[in-house]
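The ATP binding site annotation in TrEMBL covers 163, 164, 165, 166, 167, 168, 169, 170. According to TrEMBL, the coiled coil annotation covers 915-1098, 1155-1231, 1323-1412. The annotation domain 'Myosin motor' is assigned in TrEMBL to 69-763. Annotated domain 'Dilute' per TrEMBL: 1507-1783, in sequence order. Here TrEMBL flags 643-665 as region 'Actin-binding'.
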């Protein structure tokens, strides 16, 4: 159909936008040919008129359907154009958080600026071995494709990683190399992959710097070739570097830095070893402070320096060379601080003793004066003479900077050479994969020579890329036999010619560099004259004559000509280089050794690197100037040559392209800038790939996929058996224009837009079908709803009418009842109201009358009291008036008298004054004075008379006063009596009033009491009612509390049960973890053992003569016998790692817990030693106490007691001698041995403990013999005693008589002689035993000597280990420790065998001695009393073994053991045994042979048989370990053999289910608990091997059967897949389906059942199989976007239900297998549930408890609609899920561990089969064994 027909109403298009680059819009009406304007509706809600271009009339780009948005491959899009590509990348990056996308053969990687968990080893394992199109895009997929094509096509590969600075090129290259290192491994122990990765810190420090766009920008390009051998394992690597930006050493722009190494040196300047460099802060140096940004946020330069030095050490760069590098770098910094002073315009000078130059010369080891001279002068050579010319300050500065750049470049080359030497391998390289990390297309505001070279390189790479894409397209067309039409694609050969052809830009630049006075301006004019208006790709800027513009494939770039010539010539004065070559610092001349090679005619060095600078050498002969000019290579020429070499290398390999995109310039995580992305997409060639694909037939479908997808567009009659013809017929009807598609051999090719048209037809057909289905279903639903509503309405009406009638009858009854109630109630109310009013009236009357009477009484009482008060007041007033009058009169009298006295006194004073005056006046008037004196005397006499009169009058007055006072007192008494009488009257009156008041009060109280009683009665009644209510409430509360208590008890019980269950589960998890760790260690031990066997075989083939001192039993034998050292299975489990064999050459990572357990075991052995020592002391004390008791007994017990005591003493003396010898041996060992030899766990210590055990056993045997002898003597004495004797045996008289009789007959002498002979015999035996002990001591001394030698060897190994890195040192020390312990175990086994032989020999001798002693006793007893033994003869007493009747045993000869093992194990065919014979027959036969060896008490035979059995089983599994039947068969038989050893061990715990006959068959002589542990370990190894076999068989089936195959046909449609075709989901021939998986599971189950495997073990195997199925399925689901859809979730749930049905059929639902599928089930449910609202989010969080947060978010991000009826998951919903799950504590790991193996247990399963009934078939060839 025509493209214009797709522009219909509601069709969506892309229109250009200045901000967003492209904006989406929707057509508001159909487009008709000829329309000039399109009516569009934008997504933000605006309408727009879009005007078409009147010239081209080009319509806007159509938008792809939503189901195609977010595709893994951009070529899968129906419309291939720039907006579709940009939108697809944005959706994947922002919405789905996917940073990788395919674009045909290109992997587009967008830098997320965030750490993502998608690079772990689990992801590497998931991508390993997968096809590139079968998994989601990833750098690992590209690496896997390169690795696979290298191995498959035998062709070298290249991965080209490009992009601009900060896009993630280096990180992508790192991950690619890490993938190769992980999947291929290293062919040697040197770990080349670690060295390759370790080279990154070095190269980053010397080649990376901070720029405005990137904090760690690579300022050079590199190509790393990773070499592989014939087995495709990494053997080495080689690095080439390109175009180091040397100008950065001397100049940095604003906000940029120099190379990191300079700042790392400055940050580490305070280190002691750096003191000699005399460095300081970076701001102190001219070369590090120009950018003004010496610090990078979040980067510690000192720590980075430590990492750089560590990487140098790892790569073999010695400390001296490292310090040399740092000296040169520090010298460059000091050289930058050298200043020049202008002498005149053409000359300059350096200040004397200039400090920076002095430091530079000291560091470089050159002469100061010479360097100072040549920094300010240069030498000019002509044909005849040589001139020394001073240079100006500017020239000197430029020469200094050129020297610094030259030194740095040489140092850079030297470091790269050393890195390559460290990565070089002596093994021949078979193939390689190259990783090219090179700069992308660059354009800045100012572009110079560096950008020109970079863009030139990108032009060459783009040309190679275009040709490769074009070639692939052509191959695809030719393969499908499609008519090939030439596709027009952009060819950038003209641009390349403009740069590199004759008279091109580089050629003119080199020519101008040769001119004596060439400048940038003259070169620019030559460019204008040569190319302007002649080449369309070359332009001149309008406003500049010093720049030019080149139209590159990505964009136009304007280059500034300034500096081109200087950078291209890269001139360094030869004299300065000579000064450096004469340096005393040895390393510095090494940097310039390749100068002669550098100026040779070759285009590149031998290593393939680009020579970065070239120094003109001094001519030596003839015309030196011409020779120098002839051989000098400019930087441009060198770069062009190295670029040609690189292109030849890439053209000789198969390229793989990775284009890194920088999403924004601000390093914000997951932020997408459309403008920047489009610029980079145009620059990196992605859009060109799209254009080439879109020019032909971009959409390609296989016939089967097309039929499956568009089956809905076909009618039944159109469907033929031939799918190809069917597709052709349908397409001819659907698409009339045959040019829009082509039919290939296996695919249909569509032009752009046709798939979208077919999708539109399919969606319309499905929409019409959906509408029809919806119409029918909605009608049916509405009819059903109507019928239900009608029936419900009738029922409701019936019930409502009945209810209304009942309500009306009830209303009538209530009305009548209410009338009656009202009548009686009204009567009651009226009567009650009358009674209340009458009672109230009476009460009012009584109160009123009382009130009036009380008022009248109160009035009379008040009048009476008023009269009394008046009387008293009036009397008081009269008395008061009288007293006041009297007081006034007396006061007046006194005042008057005082006045008269004062007057008299005044007169007297006047008179006295007058006399004195007269005296003074008349001194001579004595007579007159005398007269006056006489007159005074007379007056005195008169005064005395008057005084006497006054006294008399006073006495009279006093008497009268007393009289009056007595009268007054009498009157007062009478007054008081009157007052008392009055008070008595008043009190009587008051008492009367009080009595009246009390009466009234009593009445009121009575009334109050009555009221209170009424009120109390009411309150009581109220209280009773309240109490009743409270009682009811309390009962309710009680019931509620009881219910609550019951509920709480129930909850507590449930909580405790839940807690108990959780604790039980936790304990089970801990137990499983411990089992898993132990079984992993066992698996590691098995792997090491196999490795050891392989190495042993290789050594056997290489060296025919075995090594001296290593003649021991095989490894398995050593492992088995070492079990005897331990006494419990727990100790054995802890010491399993110590039983590993000698370490192989390959380093194996070990757990530090291994070493800690060994230390723990040593501690336990010390405790065992102490316990054994205490036991020995206790036994010695017991012997001493028993001896003391025997000595205290009376000596008068007769000859029998004497004989008994003699016998006991001899035995005790023998025991004492043995103890003394043992103590001497211990003392000798402690004195003569080294401390480490006698330490716990040492060989001598263990031998001593074994000897102590044997002696203790001997002591026990002797004590038993003493007890037996005592009992025999007692019985003999009882027999000899006369029957009629009533006295006891202790009667002294009888004993004396018996002794006397013996003396008389000489019997005592004979007994003494016999005992003496016995003593001699025992003493000789003890002497021989002493000699044997001395021999053993000598052997121990020899062992000590060997241990000393071993110690010396260990010290040497330790010294060697100290030279290794710390990690390798720890691994090596642990390996050596394990080797030492293993060797000790082997030696101890040999000692144990010797001791066992000695113990057996001593036991036999002891039996002989006991027999002789018994015979001697019989002889003596016969001679004691012949008359007493007539009635009851005494028989000789012996201690023989108790013979038993053994059955169910098989006897074989020792020499037939190998034949038995060969016929029963090595050559046995599992299929025949499983079908024709009883299950577990080999196990029963082996156990019956073990029983016979146990019966014979032949420990050597038991050990040999069990060891041979275990070794033979291991050999069979090693030989046929990939055969499921073989592994299953021997797992079943090993478990049965283990169960037999437990069932017949004699332990009570294993004998509960035995019959009496089976209990008789138990082992009698040997405890095989150690061998049970060994067999259990062997069974674990076989189980793990069985799981690996299962996994290898099931793994190819799982993804195809569980995910890709459509079990329910037609549910999920096939979407377009683009160039990277995936595996078809349609079941073709050879494709695995779910039925294939079920058939395989049935096969596994039937084989295990036939072999008689334990049911519990079968359940564990099934659980492991289902875990593998679930884990692999879920992992692939998480890595495949096309599988995350609603229909695929339905398919998965159906498949899981089929697996569950299989479990039910096999009765395995309780095996735990279903629970292992829970994560997969929840993932399938997550694909199907609704994902819109918060309730949906809550439901998802509660449902997906078996999935981690990362897995849930990943599934939601990957969810992709298959058709238009599904909706995508919004970003906000995913964020809601993340917020709800942020508190969940689970693993951040994305994928499940598919290699995880559950810990296996072997529950005891006794057999009911009787051993004696087992018949051995002749087919086994075991005729040499016989039943016993």
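Glycine is treated like the rest: Cβ placed from N, Cα and C.
Note: TrEMBL annotation is automatic and uncurated.
Beyond its flanks by at least six residues, the region 'Actin-binding' (643-665) meets 89, 93, 103, 105-113, 139, 142, 145-146, 149, 153, 155-169, 172, 176, 213, 223, 240, 242, 434, 436, 440, 456-457, 460-461, 464-465, 468, 603-604, 608, 671-673, 676-677, 680-681, 684-686 of its own chain at Cβ-Cβ distances under 8 Å. With a cut-off of 8 Å between CB atoms and residues at least 6 apart in sequence, the same chain places 200, 204, 216, 218, 437 near residue 170 (ATP binding site), listed in sequence order. For the region 'Actin-binding' (643-665), the DSSP-based tally of helix, strand and coil residues reads 9 helix, 8 strand, 6 coil. For the binding-site residues 163, 166, the greatest number of Cβ atoms within 10 Å around a candidate Cβ is found at 163. Residue 168 (ATP binding site): 23 other CB atoms within 10 A of its CB, across all protein chains. Apart from 163, 164, 165, 166, 167, 168, 169, 170, the residues listed for ATP, the same chain places the Cβ atoms of 111, 214, 217, 218, 440, 660, 662 within 8 Å of the centroid of those Cβ atoms. Taking the Cβ of residue 167 (ATP binding site) as centre and 10 Å as the limit, one finds 24 other Cβ atoms among all the protein chains shown.
Around residue 165 (ATP binding site), a 10 Å sphere centred on its CB holds 17 further CB atoms from the protein chains shown. The most crowded of the binding-site residues listed here (164, 169) is 169, judged by how many other CB atoms sit within 10 Å of its own CB.
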